[in-house]
Amino acid sequence: MAASVFYGRLLAVATLRNHRPRTALGAAAQVLGSSGLFNNHGLQVQQQQQRNLSLHEYMSMELLQEAGVSIPKGCVAKSPDEAYAVAKKLGSKDVVIKAQVLAGGRGKGTFESGLKGGVKIVFSPEEAKAVSSQMIGKKLFTKQTGEKGRICNQVLVCERKYPRREYYFAITMERSFQGPVLIGSSQGGVNIEDVAAETPEAIITEPIDIEEGIKKEQALQLAQKMGFPPNIVESAAENMVKLYSLFLKYDATMIEINPMVEDSDGAVLCMDAKINFDSNSAYRQKKIFDLQDWTQEDERDKDAAQANLNYIGLDGNIGCLVNGAGLAMATMDIIKLHGGTPANFLDVGGGATVHQVTEAFKLITSDKKVLAILVNIFGGIMSCDVIAQGIVTALKDLEIKIPVVVRLQGTRVDDAKALIAGSGLKILACDDLDEAARMVVKLSEIVTLAKQAHVDVKFQLPI
């Protein structure tokens, strides 16, 4: 799925979790990346920092319907009885039941109920009720969810269509074109990553001037190149124009339709929709961001959002608390350079309070894999003494018993050092980032070795 080149630095970090983002943004590197189509224009692919909001399929489909885009008839059901009612109302001889989870690979997933597959075709309202009862309230396990799985709280019940042809269509932002780009392919209904790898020439791109907007001629030209029959090229282009309007209206970073089809009646339909929204637009897209399903997120991500912290949990054992995304990335890099593995990305921003620093420590220490913590602060806008007070408060309140290495530089750093020195806590201070990284890696290794030898080692604070 998906072909947005802008998964950015934060989303690149997310891939370190050993599972891929829900939309296959990794495909972008193949479709639009170093050896992909964009380089045919002599342009260097660049990245921007952003974090995307993903909505459930049924929510995305409702937005499409609102925009006048053609979609199959259907409705969300939050209980087996509702699934029965929707299937009966549709009146089709067969309907499709789709589990609503924010993870890819659902078709090949397995529910904790034992049901195989998150997309099922049923042939009666009674069967719709029976199948949905094995989905709703159950966890679905896919390659992307890992062993934790994702809870399915509702299903999408929709009419079954019999497509003559399937196509792929997407809109994303492409920095090297300085605006949006349409992406199309005659090979829809399959994994776009496979298409990009095996037949990259099957991927067609159409840049859009951000000031002029999409022209009907551009949409018509793309529809023709994608292979839509002449009698429905106009209809396909109309849907593309409506999707582009939706893309702009809601500050989307990606809209992916896979597949867009010509059905047995000759109509153009969008059978599936994945839409990502730029979190930077939350202040003006309240309608969209109120739809976020926190049951699909890590509990720590929810806590981080409530504390206004930028947090992404990873698979390592060294907790990181840093101000600024760039410095956070550099901190993680230098930890890796010295043989360590970061347990998280955590940017407290430039205006963090003592409360936020305490909440940041709560987030870090809620991960039982964390064996040591590195705090790396450069005080520009941020005042180092505020961070220091937060560290002292957190260590006392949370009774943290793992080693904490602190590197502070910048505004009011002397006050911060005095505060830490006078706290009576055993906080390991370093002026040099390289030295701090070496130290925290060594400390994590000591604790790891002790655990492997079944030796109980604790770093008592204070000593």
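Each Cβ is built from the backbone N, Cα and C atoms, and glycine gets one as well.
Per Swiss-Prot, the features are:
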BINDING   Lys98, Gly105, Arg106, Gly107  ATP binding site
BINDING   Asn258, Asp272  Mg(2+) binding site
BINDING   Asn323, Gly380, Ile381, Met382  substrate binding site
DOMAIN    61-288  domain 'ATP-grasp'
MOD_RES   Tyr84  phosphotyrosine
MOD_RES   Lys88  N6-succinyllysine
MOD_RES   Ser279  phosphoserine
MOD_RES   Thr341  phosphothreonine
SITE      Asp94  site 'Important for substrate specificity'
SITE      Tyr162  site 'Important for substrate specificity'
TRANSIT   1-53  transit peptide
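Least packed by the Cβ count within 10 Å, out of the binding-site residues Ile381, Met382, is Ile381.
Counting every protein chain shown, the number of other Cβ atoms lying within 10 Å of the Cβ of Asn258 (Mg(2+) binding site) is 25.
The full span of the recorded substrate binding residues, Asn323, Gly380, Ile381, Met382, taken as their largest Cα to Cα distance, is 10 Å. In sequence order, Ala99, Val101, Gly104, Lys108, Gly109, Gly117, Gly118, Val119, Leu140, Thr142 are the same-chain residues whose CB sits within 8 A of the CB centroid of Lys98, Gly105, Arg106, Gly107, the residues recorded for ATP being left out. Comparing the Cα of Arg106 (ATP binding site) with the Cα of every entry in Asp94, Tyr162, Asp272, Asn323, Ile381, these being the recorded positions, the smallest distance points to Asp272. Counting only same-chain residues at least 6 apart in sequence, those with a Cβ under 8 Å from the Cβ of Lys88 (N6-succinyllysine) are Pro125. Using the Cβ center of Asn323, Gly380, Ile381, Met382 for substrate, the list of other same-chain residues with Cβ within 8 Å runs, in sequence order, Gly324, Gly349, Gly350, Gly351, Ile377, Phe378, Gly379, Ser383, Gly410, Thr411. Reported as a whole number, the C-alpha separation between Thr341 (phosphothreonine) and Asn323 (substrate binding site) equals 19 Å. Least crowded of the recorded positions (Tyr84, Tyr162), judged by neighbouring Cβ atoms within 10 Å of its own Cβ: Tyr162. The closest partner of Tyr84 (phosphotyrosine) among the binding-site residues, by CA position, is Gly107; the full candidate set was Gly105, Gly107, Asn258. Of the recorded residues, Asp272 (Mg(2+) binding site) and Met382 (substrate binding site) place their C-alpha atoms 45 Å from one another. Minimal Cβ crowding within 10 Å, among the recorded positions Ser279, Asn323, Thr341, is found at Thr341. A strand conformation is recorded for Lys98 (ATP binding site) in the three-state DSSP classification. All chains included, 20 other C-beta atoms sit within 10 angstroms of the C-beta of Gly105 (ATP binding site). Here Asp94 (site 'Important for substrate specificity') is positioned 11 angstrom away from Tyr162 (site 'Important for substrate specificity'), judged by their C-alpha atoms.
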